[in-house]
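Features of the protein shown, as given by TrEMBL:
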type	residues	note
REGION	15-71	region 'Disordered'
COMPBIAS	37-49	compositional bias 'Polar residues'
REGION	119-142	region 'Disordered'
TRANSMEM	150-171	transmembrane segment
DOMAIN	155-661	domain 'Amino acid permease/ SLC12A'
TRANSMEM	183-209	transmembrane segment
TRANSMEM	229-253	transmembrane segment
TRANSMEM	274-293	transmembrane segment
TRANSMEM	299-320	transmembrane segment
TRANSMEM	354-372	transmembrane segment
TRANSMEM	392-412	transmembrane segment
TRANSMEM	468-488	transmembrane segment
TRANSMEM	521-538	transmembrane segment
TRANSMEM	545-567	transmembrane segment
TRANSMEM	587-615	transmembrane segment
REGION	809-837	region 'Disordered'
DOMAIN	816-1039	domain 'SLC12A transporter C-terminal'
COMPBIAS	827-837	compositional bias 'Polar residues'
Amino acid sequence: MGQLASKRDGLDLGVVPRVRFSTNEDGPPRYSPHQFDGSSQQRNDSLQIPPTIVVSDTDPSASEQRGSRAELRRSSLYSTLDLVPHLENYASTLPHRLSRPRPSLVALRSAFEEVQAGVEATTTDSGVGSLPGNGNEESQTPQEKAPVRFGWMLGVMIRCMLNIWGVILFLRLSWITSQAGILLTWVIILMSVVVTTVTALSISAIATNGRVISGGAYFMISRSLGPEIGGPIGMVFSFANACACALNTLGFAEVVRDLLLEFDVVIVDAINDVRIVGVITLTVLLLISFAGMEWESKAQILFFLVLLVSFANYFVGTFIPPGPEKQAQGFFSYHSDILISNLKPDWRGPEGNFFQMFAIFFPSTIGILSGANISGDLEDPATAIPKGTLVAIFWTTLSYLIITVTVGSCVVRDASGNVSDIITGNITDGCVGLGCNMGWNFTDCIESQSCKYGLANNLQVLGQVSGFYYLITAGVFAASLSSALGFLVSGPKVFQCLCKDNLYPYIGFFAKGYGKNNEPIRAYLLCYVIAVAFILIADLNTIAALISNFFLCSYGLINFSCFHASITNSPGWRPSFHYYSKWTALFGAVISIVLMFLFTWWAALFTFCIIFFLFGYVNYNKPKVNWGSSVQAGTYNMALSYSVSLSGVDDHVKNFRPQCLVLTGPPNQRPALVDFVGSFTKHISLMICGDIVMEQDRQAQPQDTTDWLVKWLNKRKVRSFYTPFTADSLRVGARHLLQASGLGKLKPNTLVLGFKANWRDSSPESIEDYINTIYDTFDSNYCLCILRMMDGLDISDLFDVEVNQGFEPDESVETDNQQSPEKESADNNSYKGDTDQIKTVFQNDQGKKTIDVYWIADDGGLTLLVPYLLTRRKRWHHSKVRVFIVGDEQNMEEGRNEMIALLKRFRLDILDVTVMTDSEKHPNSKNLSRFVDSVAPFMLHDEQQEGVSTQEQRQRAPWKISEKEFEAFKLKTERKVRLNEIIRRNSQHAALVLVSLPVPHSDCPSALYMAWLDTLTCGLHCPVVLIRGNQQNVITFYCQ
């Protein structure tokens, strides 16, 4: 009901508004605006009447404007901005519809006064509240005639029955009955019905799981299994409909030719007559399609009536006592001896086997999708498709079974058609065949196999049995033309939907629709051209096998779609049709594929080759569509199941993978850091790009920043997650990410940082923050990598934006060999995921350069594992790994041999092992002086400490270095300076240098430790990685 919105302290609780209800004679109550007592308003002038939502029925003359009621919606009990549930809020997934925007959480959390002001601003002069931008579009635009929409009977049932009652019913069913017998023919019919019924149940479930628009089988499969499967089926299914149209038209043309021959009429010759009649017929059908669905449906009704008359003519004919002429042709009306004789099979000729008969009969069942294929022209597809399809299957199956029994009870297998073969008297000596019991001797033609009549020899048996022969011919015409027209309409509508999705190139031209029903005129013409091409061939026996396989493939995938959607347990799978089972759907899928190979194995292989080719194209291009397919749900289920199962598996050193948490900030601002980690984690292990957003910067970021950056990573083909985290500082954010990132065993074990190259110019607090992040990493038992590039990692200067200064410099951008010149004019918006991709050194082919590993400390093997993983990549495949270790001159050769033996047992391809015997020598005084100068600003001198204890100085400035501390760590400093000299001497031309990271002591000042890291990595033109494992083995040479 309505709700009063007023100031909290201005509402008189004693005032109760009166609500007036009014009704129409034939409608529900309508709610009128609140009417207040005038005295109550005088007692409380501050009472504010809120916007009122009017819900009322209109009179019949204004029924076209009922949509205006959707524009006036009621507020909830909680707030005037908070609305009650409404259909319009969920219309975003419907075609050509936009959902009504709900108020955001920010708006709902706004101050009460702001909410009141917003409501007053949207209140109209009449006191009726409405949403901004809402209006009755129907009242603003001229009324257009509504498109034609069909119900379940005319749109689905009759259409399916017409396509199932094809030429096979009139021209092949009697012959199949003679070959397989009545019992096996029933088995063939019932087996076909099992496949079609299971498929119909699957179609019904999919069609009732949300709104189905145009596109039929393609729409259902693509929205269930995704574009990779839906696209190939849509293409193949459209082509199959065009070929089926040609087949039925060709069947009609052949009957017309035979009819003309009976009257001695020949246009050109037998073959060309079929072509001429076929093309003319198809042109007429095309003109009917151009006239629109309304005329097409009228034509289908006419065909349906003709078929009903022909069926009635047949059944009446079976009860009419036959004359001598019909008896000579093998028709004796109902007779038990004929029924018993025709129960058993009588295989004849090369096609005389069960599966061949099954293959000939099965194409008659392909019409069950005719109603679903025009789903866009149905009033309520969710109701019409299940009801119409299942009813059509029931009645057509019943008709096939009855005709099989009746024709098998009335007609013998062999007859001569010669009236003189009647037996006079009781002489039956030497008589062969069932005709002997009926007073006819067909022995001569049976023994010579020259009989022209009977079930086994004459394809026009139904016409001979019927009361009037030419009514059966009219039935053949109606069956073939209705099927041809149905396929001519269905195929283009499916193809139009496929073209609109833009899954394949050069077909968008056919997506355009015309008229109120959005008729695919261009697709009609394409289907017409294809059908004419096959009609001109005039020999479609080979193509007929392909058509059966195409439709069976569609059936199989429809059933698999239903099974897959059911087994994934997706919350979005909620079909209103409940009479299906995932296991029957799976059975339908399997049996459809099996039948494909049993019917024509080479056609099945050809069909699958086409499907796989089209699948590969869509899968390679990865179209930007998201239909919420069951494949997505299945992927989620598998990921969840595997993640949970991993949690119960203990870690093993053989399965160790460096799962990296990379503090990249916005990934597109540090592409080199992203590319480096992606080089050894892609398809191998977990990578998470962590972006620590400062609290003060959170509001300035666009809301869709995460989506942009994920698109940027995908475009760069980096397999990584992106996780933004809001924190007050780098350390706080990194600490939380270290603890909370990942899921179960899919949890990072390695932190990757960019080197803080501007540490000398940074505030002491930021240095402390950076070093404390390293401390926290080791305290969390994580491995650590720090990447340094000669000119820094941060390219944010290209975008002119600010970056978290806690973990990356504000320096110049990458060098020429790290970015291509044409990328210098990148988009100024650094967050947009579609900005130009800047090339880094890690994307270049490294050739035969070396990867130099300075394995100074045994960290468990991570220092060796990372370069090994790098060399497995194509760009690093030709690079050789050199290992440098510390040793002395006396045992140099022995130490080298031991290391080579160890590396061989690790099965690592190492080019060379070098023992550094001069690592403990005194460094060059110039380099040492440079180090002292770099830490001078951070020194605490003795004169500064007068009257202040060292502990107080440490608490006040923990990053400062006292002279005592500097002297205590002097030896360590000299060794690091010396190691840098050795690295620069040996690795000037290396592609990458990895150096064991020194573990910081708890009493080491942060500025001194930062200077050590700077000294170790300075002076090199190639990327340098400071790397340290967590002192646990990550490689082993054991098998268990």
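Please read every residue number as a count from 1 along the shown chain.
Using the three backbone atoms N, Cα and C, a Cβ is placed for every residue, glycine included.
Those TrEMBL annotations? Automatic predictions, nothing curated.
Note that the structure is a prediction, hence the values are computed from the model and not measured.
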Same-chain residues near the transmembrane segment (521-538), Cβ under 8 Å, at least 6 residues beyond its ends: 238-239, 241-243, 245-247, 249-250, 253, 271, 274-275, 278-279, 282-283, 286, 289-290, 488, 491-493, 495-496, 499, 509-510, 512-514
Top partner of the transmembrane segment (183-209) among 229-253, 274-293, 299-320, 392-412, 468-488 - counted as Cβ pairs under 8 Å: 392-412
CB contact flag for the transmembrane segment (150-171) and the transmembrane segment (545-567), at least three pairs under 8 A: no
For the domain 'Amino acid permease/ SLC12A' (155-661), the mean pLDDT of the predicted model: 85
Stretch in 229-253, 299-320, 354-372, 392-412 most in contact with the transmembrane segment (274-293), if contact is a CB pair under 8 A: 229-253
When counting Cβ pairs under 8 Å to the transmembrane segment (299-320), the leader among 229-253, 354-372, 392-412, 545-567: 392-412
Outside the transmembrane segment (392-412), six or more residues from its ends: residues with CB under 8 Å to it: 156-158, 160-161, 164-165, 169, 173-174, 177, 181-182, 185-186, 189-190, 193, 196-197, 200, 311, 314-315, 318, 330-336, 338-339, 341-343, 364, 368, 371, 433-435, 438, 442, 454-455, 461-462, 464-465
Remote residues contacting the transmembrane segment (229-253) - C-beta distance under 8 A, at least 6 residues beyond either end: 166-167, 171, 215-219, 221-223, 273-275, 277-278, 281-282, 285, 366, 373, 476-477, 480-481, 483-484, 487-488, 490-492, 494-495, 497-498, 501, 503-504, 526-527, 530-535, 538, 540, 543-544, 546-547, 550-551, 553-554, 557, 607, 610-615, 617-618, 631
